Amino acid sequence: MTELFYDDDADLSIIQGRTVAVIGYGSQGHAHALSLRDSGVDVRVGLAEGSQSRAKAEAEGLRVLNVAEAVAEADVIMVLTPDQVQRHVYAESIAANLQAGDALFFGHGFNIRYGYIQPPADVDVALVAPKGPGHIVRREFEAGRGVPDLIAVEQDPSGNAWALALSYAKAIGGTRAGVIKTTFTEETETDLFGEQAVLCGGASQLIQYGFETLTEAGYKPEVAYFEVLHELKLIVDLMVEGGIAKQRWSVSDTAEYGDYVSGPLVIDAHVKDNMKAVLKDIQDGTFAKRFIDDQDAGAPEFKALRAKGEQHPIETTGRELRKLFSWIQNDDDYTEGSVAR
């Protein structure tokens, strides 16, 4: 049975009595650090020398150190750098500065699940993973609400890791919404599967094939874009609000009937078989090895796939159409048409 925890189940004073280092200041890093600070926690940010995020963190009133210094000062270390660099950051700046009784926290279980990071046995190892992007985590915290978190404990030599993880989750707003107990393995494997088979890989490929099908049949690219990409948000928002049932309740009878009779023609049984193959590669480490090996080689496959995706005709059409969308807010960190970060 799924275990859920809320504010009354967590003691904020536990994390308030610790010294926290947040390593990284990206999407999740800024949300964690700022919310911890606002919850009365002694927090500092650890960044690599020359990091472009230093000025942003300092401008928001946070104390910034290099990673080794931040870890040496802290007894709770939350690692929020990208998966592919975590093991390097750990080896170069974290491992030598860990002390017995410290707690090593992660926002995603990848490096623990696949053994790229192997902490010493006298250190607590836990996971606190908000189920939303950092700007939403921070926005909801400031509004007095929260985003649900997943929490897990891999090592608990202190006997206090669960209580500490719950306290940390409370400090970033997670227990306001609800915290679900899981494992590093379950969080990592389901997260990767969701990204690859449905949310990112599956959805992106479905949209591109839909666009190609319509334009190859002679329909205008602009009309195809609206029908297979732009309106997707409307459908997903309904699903988020009330599941697939509310989406079907909200659309026309024609759309609902088409959902039932045509959906299984497009997403048929062989797609589920393909999903099982994707899951197997995640479970046995094939995907993780492919990703890390490519990153270690300079990411040639990753860069080639990214460039290919950017060149798809739907991107050209979308760039022109979005100029008409007065309601879209520009993101200062994003360059239109580019996936590179």
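Using N, Cα and C of the backbone, Cβ positions are placed for all residues, glycine too.
Positions annotated as domain 'KARI N-terminal Rossmann' by Swiss-Prot, on the basis of sequence analysis: 1-182.
Positions annotated as NADP(+) binding site by Swiss-Prot: TYR25, GLY26, SER27, GLN28, SER51, SER53, ASP83, GLN84, VAL85, GLN86, GLY134. Under the DSSP three-state reduction, ASP83 (NADP(+) binding site) is assigned to helix.
The feature active site is assigned by Swiss-Prot to HIS108, with sequence analysis given as support. Look at HIS108 (active site): DSSP puts it in coil.
Taken from Swiss-Prot, the feature domain 'KARI C-terminal knotted' covers 183-328, and the record attributes it to sequence analysis.
Per Swiss-Prot, the feature Mg(2+) 2 binding site maps to ASP191, GLU227, GLU231; the stated evidence is sequence analysis. Counting every protein chain shown, 11 other Cβ atoms lie within 10 Å of the Cβ of GLU231 (Mg(2+) 2 binding site).
For ASP191 (Mg(2+) 2 binding site), other Cβ atoms within 10 Å of its Cβ number 19. If you look up Swiss-Prot, you'll see ASP191, GLU195 marked as Mg(2+) 1 binding site.
For the recorded site, SER252 (substrate binding site), the DSSP three-state label reads coil. Among the features that Swiss-Prot reports, substrate binding site is placed at SER252.
Across the residues of the domain 'KARI N-terminal Rossmann' (1-182), the predicted structure has a mean pLDDT of 98.
The CA atom of GLU231 (Mg(2+) 2 binding site) is located 26 Å away from the CA atom of SER27 (NADP(+) binding site).
Residue with the densest Cβ environment among the binding-site residues ASP83, GLU195, GLU227: ASP83, by other Cβ atoms within 10 Å.
By the criterion of other Cβ atoms within 10 Å of the residue's own Cβ, the least surrounded of the binding-site residues SER51, SER252 is SER252. Residue pair SER51 (NADP(+) binding site) / HIS108 (active site) shows a Cα separation of 22 Å. According to DSSP, GLU227 (Mg(2+) 2 binding site) sits within a helical segment.
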